[in-house]
């Protein structure tokens, strides 16, 4: 870095001395000499951070040494400290002081603080206290430090209680501002500093502010170039000017008020609120970003208090946003950076309470009175209530307007006229001074857009009240960046035609886009008209809405243009205004019926005339217009009328409250149709109206005296219908409003919105094709909306309901307060100042209004894929799992057409006709059966481009299009054998590979079936498919439950192939909550192979999957540079619905963004690993990685390397601090043997290994069992006691079962026997502190029920409890005891494990079952069979009365029937295929039962089914009933297996851990099982 010229740098005086030095390149060849000449010392101590040291310290040391003549010259000591706010601490200060003392520094030492604000603040405080004060110099390297923190002598360190709370005023001897440092400053840091530059101009110098406005594009363009020498050369002079200007302001203020007595407080403009935001959002939000938001909020506060005009607020906000700084918490960048963290208003006020400007409890805030001027020469005292209104998301309106009120309200400029004026002036030639321009979001979007198109230049005059716009006569250039228009419908429609006038520049087209609502608002008729006139326009979204790509062809052709104008008059105005610049004269013909909102078309014609273009209206057809070629001539001055739609709100308040309001600048001569509202609506409702050509005054009747309107046509003023509706709500009678059909496609469906929100007030409404009907209620019957009024982000909804709130019976909350900024940013100020209403801030945030939101979880599913891939099978599975009807579209097409598909193809229709009918059917079901169904499509559906468009649009709108595939060779083999469908006309494999990209394009999910076609046709959905459907369509409860656990684990699968490890996977996943597939360790990483591995893993593990590609640099095996393969594998994982994606934060931005955009229901684990141990948890070096992970992740994973045990404690402190700041879950670990403690203490989703795996995924990894044992030793897991209650129980195998499983999973619990038949003995045990759960057997299964707090539904129906589970209450330490029954679960498990499928929908015929016995276990068996879909269920017992008692106690839908004897068996319509015996087996079976059972067992069945007898007695192991069944060819299940199964379920309920069932079986049978998983 060197000086570019030999001139002396510029100096700025501060406190009477020229101590601030500013120029380019002074660090190396000027600072050393100045130090030696003017800041002499024997020792200079240069301190900087580790990021800057290597770049800037060695060359300075070289220059320093070169300037020292003798060995006796001064010495230079250098020190590097960690970067970031964490270094601004007592510990860092002590470290520096101790080091300086060790270097024998004395009182003549000079500290050189090289760095940003952290370095300057902290080193200044060191200088202030070292040896009672030594000299120091500031060398700021960031723009923020150059213009702010380095100037003024404020020094400080942070404490745990807050920032800058301990420090001193200590002036630097020199401040060297070398602008060359900014060449390497990252763009975000540079822009961060611009906030302080804007601040000083805003409070002190309007001229400098104007300079900042004018130079924003060039400054931002330069800053966004890659860092390095010459980057800022294009802005060299302006950069120096703005830094000098800002530094001079601060120096002048400090010189007048060094110790912050009053004037210096002005430098805190934006900081009172900004610091509060920063306190909650740091470190993710930078200081300048927080201050930028704070400036806007404090300016809005000044406007609310009546000391600042709205135009100044708008001007400030636009200047801030023009530099890329945020202006609200709703800014997309802020949401992304902070992970959407909320800032509760009460917490913000608490943070503001410790502001040093405050006077005791009185908060003081710097208020602007104009740009460049403050309200007072100090901070102003402001009440908390006013601050809360500005900070809150919603406004609480307390009703009560003085009945004597007579007020005058001037609404802002008309949005409609403002937008038209900007278009006309930009297309025109010359300069136009535009007065009363609306300062709102919509108009700002328009102004920004025409500037970006090069259509005009502009400046502000009269403190922002006048826009001076110079048009360029229609010379527009295409924009390389998309023009974002938010929810500005007017701007989007006008600009669609204007952009068609652009000529190519660096690009040959321009993209118009907007927010989510704008992307569903219609624009099709306008696009159709322009397309027909030769303009190339592409829809970039699924519907006929924005975003649009519009070709830059230098204008449209002209001639005759036909346009449908029944939806929006803005389509007409858009073409009219651009028509003079068409290549030929234009004849615009409006077709399709009566144009909507004719007054707005007339407004456009009148304004065009003012700007020099006369449109000729056809004498023969009033809906045809002739526009000659021409150029607009800008008038010298144009005044925007106030907005007539907005004027309806203050006039309506007068009407509803019985007061008087005058709008002084809207009258009968207005261009706007809504100006008729007072005469056409308010006067017939009973108001007194006085209207002149230029003003309107309304006086309302006494409150409650408004009259309903039997019918009013509001087509000329459709936007005003919302105002009329709220008045009608309290008017006598019923009001019918028509002519407003277009209001369904505005910012929201306004008719539906008004009906829903009026309903909250108890108002009855109805609607018809083009209107709404409102039945009024007396004022005293109005209800108060408990959850507030939801505004749909629609300004007119918010303002209308604020009118109704003025006469409510209790305060009303209007949600989404800031949406009024679209047309009247100061509306709430007007309510307070002009109408005297008491407003309060309400921190309510709107929830989702379900009726107007598409519930994607209920959307129909469309399945695509090759014939033979399993579409029909998986469709039936999915329909069963989701409880939806399934429709095979091939079969449906055959049904509707009355012919088979081969008949269609080989008949007159042919392939073309078949595809046409297939497409028509797809369109029909998408339109009419869009929710609650599962459809499978024909394999060739993707051959049709139109069908592909439908499928793509469906998935892009949130629908599920599922691609089903299995091994390609299996599909081919199947198709070669299938003769039921038309043969392919080409090679089957060629067909598949041609269609594969089409299937991928049309689908957003894919299921790879690992099961051969023959093995699944008649089965229940396999485990892998059930997991898949739960992941993509389920309620997410499985993952939510997992992540809510106090201790959760995932096992890292380190195998080269899942297929080769399927036998060991069930063992290694025990005790874990998820399984990590290390894709980088797989031998075959091709997409099809990985898809097969994912499906195989789901089958083997049955739990959520973490999909991980660990790169070489982060300790894995995947190549760091293979971005293409990485992205393709991530996309595959997302399409397969994996529950978690481990996404390394070192991937390029495009990978992170793509994965985030496509993630759907998958959760991102944003990870960073440091295998080389280069980062420290102690010094803040992990903070940037945490911040980056916070932007992208649902979970954050940070893995370091432990060099000492202390590293684990540092990690724990870091994690605690981060979790205190943000709720995003954090996995934070240290690798290595010394890091094991961090794994034990991690808690959330700890990665674990297992001895059965070939190797550990990371050094120091432990098993889940080892971690649980360690947690027990540390006291984090308490040993609990589990019991079996009953009598006799001495021979029970339950203790063996549960104690084996406790040991296996590393839990310290014990299970023992409590032999009793007395319920009161049980009552004492189950309330003991260490009680963990219990099993209950006879005779207590019924007796324990009154002792419990809750009993499950299944236990209630069965009438018996065999399991007691302690359930912690939310937010309470008191436990509730739940009684459940696992006997039936054990039975179901045993049946399923032997291959008995659920009968609920598995077959088209019914399947029956038989239960033998009449005791308590009989009831559990009946419940098990019912849950498995069997009906009827027959019962067989000796005592017929007992059977009748049982039958009567169950609901009738159980379909229970007593079986009388052998003869009755022959009369059964459906013979049982499952028998459950619940009678004792240690005694001979009753002969009559035996005879009947033998007949049942030998009865033939109509379908080929697995026939099973389940024995509930486990002594002896092989019973008489089992022998009978086996002799008849039935399969049998011994009772010991059911005992193991019900106990296995009990263990899961108690611990949340699912062990292997074979381990439970082994324990019950007394077989040897592993005693440990270590």
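Glycine too: its Cβ is placed from the backbone N, Cα and C atoms.
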Further binder of Zn(2+) named by Swiss-Prot next to 271, 287, taken from the candidates 196, 206, 208: 196
Any further residue of that chain within 8 Å (Cβ to the Cβ centroid of 196, 271, 287) of the recorded Zn(2+) site: 144, 148, 195, 199, 270, 274, 275, 288, 290, 291, 294
Average model confidence [pLDDT] within the region '3-dehydroquinate synthase' (1-384): 91
Distance from residue 267 (7-phospho-2-dehydro-3-deoxy-D-arabino-heptonate binding site) back to residue 192 (NAD(+) binding site), taken between C-alpha atoms, in Å: 16
Other C-beta atoms that fall within 10 angstroms of the C-beta of residue 275 (active site, proton acceptor): 24
Annotated stretches the region '3-dehydroquinate synthase' (1-384) and the region 'Shikimate dehydrogenase' (1279-1574) touching (3 or more Cβ pairs under 8 Å): no
Alpha-carbon spacing, residue 260 (active site, proton acceptor) to residue 1169 (active site, proton acceptor), which is rounded to whole Å: 46
Neighbour-count leader, CB within 10 A, recorded positions: 196, 260: 196
CB within-chain contacts under 8 A for residue 142 (NAD(+) binding site), separation at least 6: 115, 116, 117, 181, 182, 185, 189, 190, 192, 193
Among 118, 132, 287, which are recorded as binding-site residues, the nearest neighbour of residue 275 (active site, proton acceptor) by Cα: 287
From 49, 85, 1197: recorded positions whose CA lies within 10 A of residue 267 (7-phospho-2-dehydro-3-deoxy-D-arabino-heptonate binding site): none
Integer Cα-Cα distance in angstrom, residue 271 (Zn(2+) binding site) to residue 287 (7-phospho-2-dehydro-3-deoxy-D-arabino-heptonate binding site): 9
Cα separation, residue 1197 (active site, schiff-base intermediate with substrate) to residue 287 (7-phospho-2-dehydro-3-deoxy-D-arabino-heptonate binding site) (Å, whole number): 26
